[in-house]
Structures are given as C-alpha cells and as structure tokens.
Amino acid sequence: MAVIKMKPTSPGQRAVVKVTRDHLYKGEAFAALLEPQHQKSGRNNNGHITTRHKGGGHKHHYRVVDFKRNKDAIPAKVERIEYDPNRTAHIALVCYADGERRYIIAPRNLEVGATIVSGSEAPIRVGNTLPIRNIPVGSTIHCIELKPGAGAQIARSAGTSATLLAREGTYAQVRMRSGEVRRIHIECRATIGEVANEEHSLRQLGKAGVKRWMGIRPTVRGVAMNPIDHPHGGGEGRTGEGRHAVDPWGNLTKGYRTRNNKRTQVMIVSRRKK
C-alpha cells in the first residue's frame with residue numbers, strides 16, 4: 001500500500017492524505033454475508049439523545065465477519081480482499097473446501113489465493129487460527145478471544161497486534177499494543193500475524209465534511225456554551241474553565257480513571273502505558 005497526498009485544488013483537498021486501495025477488490029460485496037444496518041443516530045426509543053455527536057452519515061450494509069473461526073481442519077482459500085466501511089481493517093472473503101464462504105479480518109501479507117486453516121493442528125502461518133496453548137511464545141497474534149468460544153475481541157483494528165509473552169498453567173500472558181499485559185485462558189483462540197491496513201493511521205481527512213459522512217457530528221467546547229448548558233459555560237468574552245476540566249454533568253475528564261470492572265481486574269498483570 002502507499003499514501004497519496006492530494007493536490008491543493010481546493011481548501012477541502014489541501015490537507016487530504018489517502019491510503020491507496022489498488023490491491024482491494026473493486027466489485028460488490030458478497031450478498032449472502034450482508035445485513036441491513038439501521039442507524040439510531042445516538043437516540044433511544046423516545047428520540048432523546050443518549051450518545052452525543054452521532055447522526056447522519058452514509059448508509060451502508062453490515063458485513064458479517066467470522067470472529068470465531070470454528071471450522072476446524074477445513075482449509076479455506078482466500079478469494080479476495082475487500083474494503084469494509086464498518087471498521088478500519090480490511091476483510092478477506094474465504095471459501096472453505098465444503099463450499100461455505102465467510103468474511104475474516106485480513107491479516108498483513110495475506111495474499112489472494114493463499115490457503116488458511118483453523119484448529120489446534122494448524123501450522124504456524126499468517127492467517128491461521130489456533131488455541132493459544134498451541135502458539136509458540138513470542139509470536140505476533142491478533143483477533144484474540146477473551147473467553148473460549150466467544151469470538152475475537154482484542155486486536156481487531158487496522159495495524160494492531162499483540163505478543164504472546166508466556167504460558168503459566170491454564171493461562172497465558174499477552175502484551176497489547178498499549179503496553180498492558182493481560183492473562184488469557186490458553187483455550188482462547190488467536191490468529192497468527194497482525195491486522196492489515198497498517199497505514200490507516202497516516203490518513204488525514206482534510207475537512208469536517210468527511211467526519212459527517214462517517215456519521216460523526218461536531219463537538220462543541222464547554223467554554224463556548226452558556227452556564228445552563230455546561231459547567232465551563234458563561235463569562236464575558238473569552239474565558240477559561242475556572243476549574244478542573246469536567247464533562248457536562250460535572251465528572252472529571254482529564255487524568256481520571258474510569259475503569260470500574262472488578263470482575264476482570266485480576267486478569268490484568270500490568271496496566272497500559274500512557
């Protein structure tokens with residue numbers, strides 16, 4: 001892949017940096033794996049905003065991606081690599097030997113025509129999915145399960161991966177990109193390699209309208225509001241917050257830890273690095 005800097009033919013094009021998609025399939029998505037996606041625009045059944053800064057955006061179908069990879073010992077051939085508007089990673093359409101087709105998250109360096117397989121006896125090769133107990137220590141992995149059979153939940157976005165550090169009894173230690181080290185059961189599955197489209201982080205949208213196409217609405221600063229709307233609001237002319245930064249409901253927003261999941265706290269060996 002390559003990065004393209006657009007010519008400054010207009011203010012909206014001046015700062016645009018795109019990632020090429022020349023290697024991606026240019027036809028329609030596989031219809032049997034498409035589902036309608038109804039946009040809620042951040043509203044509940046009463047029409048009240050429950051999630052701010054959402055609404056509008058381009059309509060698109062949801063691609064049903066196989067995160068479980070549970071067709072063991074059946075080889076699958078990669079038919080094409082596709083763009084997915086629902087995620088930063090690319091997806092690959094694979095055809096199993098029994099004729100079934102599924103979408104998977106496309107790993108880096110996975111070529112069209114390659115053969116992948118899942119299961120405990122699968123070879124250590126990019127795109128193959130195995131239980132963590134069968135993966136060599138030090139391997140780069142992605143699409144990692146947190147519970148056996150629940151489907152991949154970790155390292156699914158573009159360019160991400162994790163490293164298998166050690167195995168102790170029925171648990172393994174996995175280091176995330178953030179630096180967090182987490183204990184994961186060795187029966188959980190993971191895929192060899194890292195997620196493709198690693199240059200996604202170099203992309204620059206160039207204008208606010210692109211965010212609107214993505215269904216993201218503007219974020220208004222609290223200091224620009226009236227005091228009835230935000231704790232930072234009010235004042236004559238330009239004024240500062242006058243207090244520690246808080247959200248519209250008065251909760252601290254900077255440097256305040258929000259994690260509150262005691263049930264899985266014991267699975268974290270070391271917290272992420274800032």
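Just so you know, glycine gets a Cβ as well, placed from its N, Cα and C.
Listed features, source Swiss-Prot:
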REGION    37-60  region 'Disordered'
COMPBIAS  50-60  compositional bias 'Basic residues'
REGION    224-252  region 'Disordered'
COMPBIAS  229-246  compositional bias 'Basic and acidic residues'
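Within its own chain, the compositional bias 'Basic residues' (50-60) has Cβ neighbours under 8 Å at 37, 39-44, 85-86, 212-219, counting only residues six or more beyond its boundaries.
The helix, strand and coil residue counts that DSSP assigns across the compositional bias 'Basic residues' (50-60) are 0 helix, 1 strand, 10 coil. Taking DSSP states H, G and I as helix and E and B as strand, the region 'Disordered' (224-252) has 1 helix, 2 strand, 26 coil.
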